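Here is what Swiss-Prot says about this protein:
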SIGNAL    1-20  signal peptide
BINDING   His85, His104, His162  Cu cation binding site
DISULFID  Cys96-Cys188  disulfide bond
BINDING   His104, His112, His121, Asp124  Zn(2+) binding site
Amino acid sequence: MTRPLALIIFLVAILTNTDPSRSDAGSDPVNYLFRGPVTAVAAIAGEGEHAGIKGSLTFLQKSLDGRTVINGTISGLPEGKHGLHIVDSGDMTKGCYITTAKGHLNPFNLSHGAPSDSARHVGDLGNIYADDTGISVINLTDTVISLFPTPAFVIGRILVIHTTYDDLGRGGSPVSKVNGNAGGRLACGIISYV
């Protein structure tokens, strides 16, 4: 038997498993293949004049319909609040610049908002705060983003830290409803499975 044929048979067996004695068996291949928990990481780095910014964020989602917990530390940031967003791109060939990274991840075509808003971009994660030493300790829980293959899937997307704070779509201008007036990009990293 050739390797490709063996692989196809193996995948078909997994996707069609309906053994009633197994609690994880069933007709949903996403739940079967991704039983969770699922973990991911984004290695954050600045460029050019922001090259001193670095850190790492970990993502944990325990089940397909579960919340995603984001933890980590970023150093080298200017003191203050900074918008934190996931953009609809994974292409960093030109770095973190606006010409490379597209707009916020928004598969449902909604306006920009706060993480707690019922209608918002998938990629709207609000603000982080850097203290007077340039360190931001991040502990967030989000109910929208997903590490599982759904429309809110963030694996392979770019996580961006902005120059200024995100007004959460409440700035009263058209730009506020697009990007929260969060300014340019300080640092970024691609979200990848661990």
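Every residue, even glycine, has its Cβ placed from backbone N, Cα and C.
Not measured: the values here are computed from a predicted model.
Burial estimate for the disulfide-bonded residues (Cys96, Cys188): highest at Cys188, by number of other CB atoms within 10 Å. Here His104 (Cu cation binding site) comes close to His85, Ile86, Val87, Asp88, His112, His121, Val122, Gly123, Asp124, Asn179: these same-chain residues lie at least six apart in sequence, with C-beta atoms under 8 angstroms from its C-beta. Across the fold, the C-alpha of Cys96 (disulfide bond) and the C-alpha of His162 (Cu cation binding site) stand 10 Å from each other. Counting in whole angstrom, His162 (Cu cation binding site) lies 9 from Cys188 (disulfide bond) by their C-alpha atoms. Counting Cβ atoms from all protein chains shown, His121 (Zn(2+) binding site) has 28 others lying within 10 Å of its own Cβ. Within 8 Å of the Cβ centroid of the Cu cation site, not counting the listed residues His85, His104, His162, the chain contributes Gly83, Leu84, Ile86, Val87, Gly123, Asp124, Leu125, Val160, Asp166, Asn179, Gly180, Ala182. The Zn(2+) site, placed at the center of the C-beta atoms of His104, His112, His121, Asp124, has further neighbours from the same chain whose C-beta lies within 8 angstroms: His85, Gly103, Leu105, Asn106, Leu110, Ser111, Gly113, Arg120, Val122, Gly123, Gly169, Val178, Asn179, Gly180.
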